[in-house]
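Undergrad: Here's a structure for you.
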Amino acid sequence: MRSFLKKDLLVFWRDRKEVLISLLAPIVLIIVLNFAFSGLFGEDAEVLDIDLGIVLEDDESLGLEQFTEAVLEMDLSEEEKTGIIEQGSSISPSGLMTSFFNDPELSGWITTKQLSEEEAKEEVKNGNLDAIVKIPEGFTYSVLSKLMLDQSAEVDLVLQIEEQSTESDTINNIISNYLNTLNFQFALQGVTDGELQELVLPEGGREVVEGAESFGISQYFTVAMSSLFALFIASTVAMKTTMEKRERVFNRIILTNTNPISFLMGKTISTFGFTWLQLMIVFGVCQLLLNVFAGKSMAFWVGAIVIITFFSLAVAGLSAVFTTITLNLSNTDAANGAFNLVIMLLAAVGGNLFPIQGLPEWLQSVGEWTPNGLSLSVFMQWAQFGDPQTLIIPMVKLFMFFIGCLIIGIFLFPRRGRV
């Protein structure tokens with residue numbers, strides 16, 4: 001078997017261009033993806049900082065007076081008029097808007113300044129403000145008339161934006177959602193004929209699991225792309241068997257007293273070695289260039305090597321099946337297409353092409369049983385928690401995948417008289 005292993009390693013080394021491409025392609029792709037998507041996800045994302053100008057032109061007391069006069073002129077009983085006026089007096093439309101933007105939940109990433117309209121426009125022009133919220137004159141009267149008297153609103157809240165940006169879109173969404181919440185609450189009040197309750201902003205936050213570290217987008221790209229290209233090694237090894245089949249190397253081996261299974265084992269072991277070497281080089285170079293796993297301890301890297309080793313075994317097992325299929329089929333082009341299709345399906349379901357969180361739950365469960373999906377999942381857990389217990393079961397699954405594929409490859413391997 002040693003001679004077969006040496007033969008396969010020499011076959012790899014003979015095609016130095018392909019070896020170089022298989023090593024450089026994942027590194028280049030990981031670097032490009034990191035620069036293209038940096039700052040969008042995870043710990044690399046910049047904290048959103050919005051500067052908002054508030055132009056308050058509305059006179060709330062004047063608006064209440066106008067609303068009171070309008071109610072008194074209506075053909076209603078004195079009791080009904082008094083109730084509407086008291087209820088309207090408890091609502092402060094402009095006050096609700098200003099207090100909303102000064103809420104502690106928003107003040108961490110929205111900075112507000114109350115300015116005149118001319119000052120605010122100048123600040124936006126100079127780039128000091130992202131947008132202006134203008135509460136125009138007559139806003140209080142218009143809102144109260146709409147809510148309490150069911151009249152059409154003549155004055156609307158104005159959002160002025162110099163140019164489209166993430167910040168301006170965020171402000172627009174925040175205001176729209178808040179106004180929808182207000183409208184719903186006032187409508188509910190009208191249906192239930194209840195007293196107006198103080199509007200409480202929805203409580204949110206972030207739950208932090210003790211001892212857990214984040215798994216950023218750069219780390220995801222490194223693990224996902226390196227394991228994807230590692231899967232293609234199994235197909236590459238199988239296709240190199242085509243050349244040996246064409247040159248009748250395998251036929252001569254069958255005719256000798258050499259155990260033909262040694263041929264398969266040579267392919268399997270060489271695949272394991274090359275996959276392991278490729279993953280180690282890709283992880284090492286990405287760490288040196290991008291520092292994707294910054295501040296990780298030696299224990300983390302030991303665990304990472306364990307994951308890489310068992311994943312390389314799984315790829316080696318896959319190559320055993322692919323090699324056997326190649327030897328049994330006469331149409332090698334069809335075999336190559338089938339192998340690439342299988343690899344792309346594994347990549348899609350396993351999360352190498354995109355995170356699988358958006359897929360149906362049953363498909364996520366299937367993806368976690370693929371060797372690449374299982375390796376990606378356990379790598380995320382290991383990077384976040386560093387618990388050795390999380391490695392045991394996934395490594396057993398990867399080893400069983402290797403054994404299962406190897407058994408299938410040996411069982412289907414051509415014997416003497418079947419070639």
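Including glycine, each Cβ sits where the backbone N, Cα and C put it.
Just so you know, TrEMBL annotations never went through curation; they're auto-generated.
Fair warning: this is a prediction, and the values are worked out from it, not measured in the lab.
The domain 'ABC-2 type transporter transmembrane' annotation in TrEMBL covers 18-411. According to TrEMBL, the feature transmembrane segment maps to 20-41, 220-239, 274-294, 300-325, 337-356, 391-413.
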Undergrad: If you count every Cβ pair below 8 Å, which range out of 220-239, 300-325, 337-356, 391-413 shares the most with the transmembrane segment (20-41)?
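TA: Selected stretch: 220-239, with the most Cβ pairs under 8 Å.
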Undergrad: What else in the chain is close to the transmembrane segment (220-239), if you only count residues 6 or more beyond its ends and a Cβ gap under 8 Å?
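TA: Answer is 8, 18, 22, 25-26, 29-30, 33-34, 37, 267, 270-271, 274-275, 278-279, 282-283, 286, 290, 292, 311-312, 315-316, 318-319, 322-323, 325-326, 332, 335-336, 339-340, 343, 346-347, 350-353, 355, 372, 375-376, 379-380.
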Undergrad: Who are the long-range neighbours of the transmembrane segment (391-413) in its own chain, taking Cβ under 8 Å and residues 6 or more past its ends?
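TA: Contacts with the transmembrane segment (391-413): 260-261, 264, 268, 303, 306-307, 310-311, 313-314, 316-318, 320-321, 323-325, 327-328, 369, 371, 374-375, 377-378, 382.
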Undergrad: Please give the sequence-distant neighbours of the transmembrane segment (300-325): residues at least 6 beyond its ends with Cβ less than 8 Å from one of its Cβ atoms.
TA: 227, 230-231, 233-235, 237-238, 241, 264, 267-269, 271-272, 275-276, 279-280, 283, 293, 335, 338-339, 371-372, 375, 378-379, 382-383, 386, 388, 391, 394-395, 398-399, 401-406, 408-410, 412-414
